[in-house]
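> So TrEMBL lists these for the protein:
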- 9-83: domain 'Cation-transporting P-type ATPase N-terminal' (DOMAIN)
- 67-84: transmembrane segment (TRANSMEM)
- 90-110: transmembrane segment (TRANSMEM)
- 257-279: transmembrane segment (TRANSMEM)
- 285-314: transmembrane segment (TRANSMEM)
- 720-740: transmembrane segment (TRANSMEM)
- 746-762: transmembrane segment (TRANSMEM)
- 796-815: transmembrane segment (TRANSMEM)
- 835-856: transmembrane segment (TRANSMEM)
- 868-888: transmembrane segment (TRANSMEM)
- 900-917: transmembrane segment (TRANSMEM)
Amino acid sequence: MVSAVADADPSLLDWDTVVEQLGSDPDRGLSVQEAARRLREVGPNEIATVPPVPRWRKFVEQFRDPLVYLLFAAIGISLIVWAVDGAPGWPMDASVIAAIIVVNAGLGYVQQAHAEHAVEALARMSAATATVVRDGVQQRVPTRELVPGDLLVLVEGDTVAADARLLSAATLQVSEARLTGESEPVMKDARTLAAPAALGDRLDMVFNGSAVNQGAGRAVVTATAMATQMGQIVVLLRSVHEERTPLQREIARLGRMLGIAVLSIAVVVIATILLMSGVHTINNVVTALLLGVSLAVAAVPEGLPAIMSVVLALGVRRMSTQNAIVKKLSSVETLGSATVVCSDKTGTLTTGEMTIGRIATPVGEVTVTGAGYHPAGRIERDGVALPEGSDLWRQSALVLGGGCLANDAALQEQDGEWAVQGDPTDAAFLVAEMKIGTGHRRTERFRRMGEIPFTSERKLMSSLESDAHRDGRVTVVTKGAAEVVLSRCTHVHVSHRIEPLDAVQRTQIIADVERLSGDAFRTLAVAYRLLETSTLPEINESLEREMVYCGMVGIIDPPRPEAADAIARARRAGIRVMMITGDHPRTAARIARDLGMTEEVSAVSGLELASLDEEQFRETVRHRSVYARVTPADKQRIVHALHADHQIVAMTGDGVNDAPALKSADIGIAMGRSGTEVAKEASTMILADDNFATIVKAIREGRGIFANIRKFLRYLLSSNIGEVLTVFFGVVLAGVIGLTDVDGTIALPLLATQILWINLLTDSGPALAMGVDPEADDIMSRPPRSTSERIIDGRMWGGFVLTGVVMAVATLLTLDLYLPGGLIAGEESLDNARTAGFTVLVLAQLFNALCARSETGTAFHRFLGNRWLWVAIGVSALLQLAVVHLPFLQRAFSTEALSPIQWLVCLVMASTVLWASEIRKLILRSLDTRKARRPMSNCPADQCRKSLRGPDIRSLIAE
Ligand code: ATP
């Protein structure tokens, strides 16, 4: 049944035939049970991308790495030698290396699965939704649950997620660019096509992948998933899984670079060993080769990209619990370097819970009491309830009634709680009308015939009503931005009369708008026009002229309580906050002042912006932070101007026309609640709670994630340098420290298996724990990171080298301490001394983990702050204890038990890493303080930043 329609080309069938064939109902849609049954039958509405990779393949993938190949080669060589030599017993080295490869692959697999899981969960969270009617009830469902026969309700801003045959269309304009390549939107029409047509001309259909630009419609789903036109073309769907962030690419590049460096070092080490010890037996050569290979494997930070993915994925998951749903991993990084946040006002900086507080009419002004959507309150003047039937009462009822006609919202009460369906601005009129109690008269008298929808550009909406008191003739009722409504009016309604609107009245109305806006009220005016026809005229904007002005309301939309604090935090963090709103300049400026955003008395209006040339525009954007009555096109222009000044811009948006601005911003942020599907699709982040404070939290997280990436880089790279230096200088200085074998040849400071063990311990637990380290206290008191800043700067490299050198010196000194001969004469066996050196190196890595948490801050600050790190350190120390004392591990890793005193010595020697790092940090801190005290004129880099970020930031940096 389902496929019959898809085959028959529904664009050529009448819609009722299509509905019937699909077993649906034009009013009630499918039943919930039937929709569930069909979903099981046809599967989810998803365009399949690449087929899923089975788990075993993912595990095998872990072995596909040049370094693992090297290890396999090492195993092969050592097995051949073992076989040729006819050595007794088990091939220990080969087995240990093989075991380490498998454990490493297992860890890699778990990490990858973890990261994928987090990203999948995220994709589910940001999944698109569609409105359908099921069992006669309108509801929003995830688009993946759409099935053939579903009755789709389409409104402006929706994305179409399946192919569907239209049942009705009211000025429905759809953009099908993704499907047909046609950039102009297409006007749709439910009338059946007379003859087969190309995709772009099937006006009675809407297709998966298109977006509703304007108007509304209803349609029955004819095909889902791969059966849709989009599925047949199989376009590449965006996939978060595959995406690599710039930072990930930089890390991968760094890994490759280090890989080459380390491989060269390994070759040098092997050559040095062979040269210095002389080649005696094939066994000597194999040992040297194994050491070189293990060194290369240990020192190349091959685990970096995997750990990086896990850290990003975990960060993204944490952000989602705070209502910031990141759609692209790369925006996590970009968030950390955001320098400007452009936020809209209504619902983001304000609560968006609208209450009409004033009604200003040509016959006087009244106050409406009560707050929120609970319709308790009254209309009063000077604190006294307005007498019912008075002129002012009637005029107020007219304004509210008009606002309720040009209205698409509904109020619902459940258990004493009032909730809004639709636009909160519309809802405010319904609530106020309930307070005055004239709703029933309005519904008895008027019947809606059509609508001219609201758009942010028009700032108006109108309803066409058949008026029972005028024999069904049509009245156009309009509400919208006060000055826009006024510009469409030629008359004014005063008590019972309609009078021409004169200049004095006009001036008075504009003064009222300014006054109410200055008091932070959102002003909306209401007007009407009486037509002499009772048939529906052609619906277009020309109907909204020669109107009769009734009055305006002042809506209270209080600032969010947490917004002022969030703005202050953003400013402390060197981030400039700009308000870009469709509201009145005075309302915008007042709210901005109340929130501590600016001292500006008025906002820059869209009209002013339009009169500026490119240079003036950029200059304005540099200095002014509040923009009002802007259009979505202005938003995009502002983003471009900020980009020209090298700013990293986060921009919020909710409407269809915000999509270009959201796309051009570095971080496009769509509103989760009030945003359209189109805006959500164009954005990289969704605010589940529409709250400005969440953006600041997300920036904080972004910065924290970046800082944590630096922490584990600091840890891994300095540890690796320590290993390389230990082996290199161990071999070069073997004679000096007494590293000789019984036969007089030089002995190796560490064995291949020991190096691999260190790699296994340190690359996993502590490195991962570093990735979830709590943020530093001052993370939001530093200026944003410049995007040109390398992830590892010169200072960090200096730290790596220092730590590496200290590790190597501590390890080699310990070896010398216990070995006979050398600088300090000891009396232990080679295996015992080597076990001590090996243990020092492991413990030094663990001390290094503590140091790596900050570049300049002491390790003792919030010493126990990261419990995962302590778990990782504890587990690593226990494993080292096991490797030193358990007999079978002693055999595998050629270790010997250490005495308690020796353990103590190892601990003290290893701790030098910590003390050396503390001294370095102390010096760096005092250098930083001295630099900060130096006058700004001596600091060209800072000055440069200053001039780039405009006045808000200048004052901050100077602070
Ligand atoms: P922001 O851009 O901060 O979200 P906003 O909601 O005021 O603020 P728009 O949605 O672009 O921005 O609305 C612009 C103007 O249009 C509003 O200030 C208001 O005067 C008018 N307006 C808003 N909603 C409606 C509506 N439902 N009906 C009629 N006019 C409206």
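Each residue, glycine too, has its Cβ placed from N, Cα and C.
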> Does the transmembrane segment (720-740) reach the transmembrane segment (796-815), going by 3 or more CB pairs under 8 Å (6 or more apart in sequence)?
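Counting Cβ pairs under 8 Å, at least 3, so yes.
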> How does the model score the domain 'Cation-transporting P-type ATPase N-terminal' (9-83) in terms of mean pLDDT?
83
> Cβ under 8 Å, sequence separation of at least 6 from the ends of the transmembrane segment (900-917): give me the contacting residues as numbers and ranges.
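For the transmembrane segment (900-917), the nonlocal Cβ contacts are 799, 802-803, 806-807, 809-811, 813-814, 817-818, 836, 839-844, 846-848, 850-851, 859.
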> Answer yes if the transmembrane segment (90-110) and the transmembrane segment (835-856) have at least three CB pairs under 8 Å among residue pairs 6 or more apart in sequence, and no otherwise.
no
> Top stretch among 257-279, 746-762, 835-856 for CB pairs under 8 A with the transmembrane segment (868-888)?
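Counting Cβ pairs under 8 Å, the winner is 835-856.
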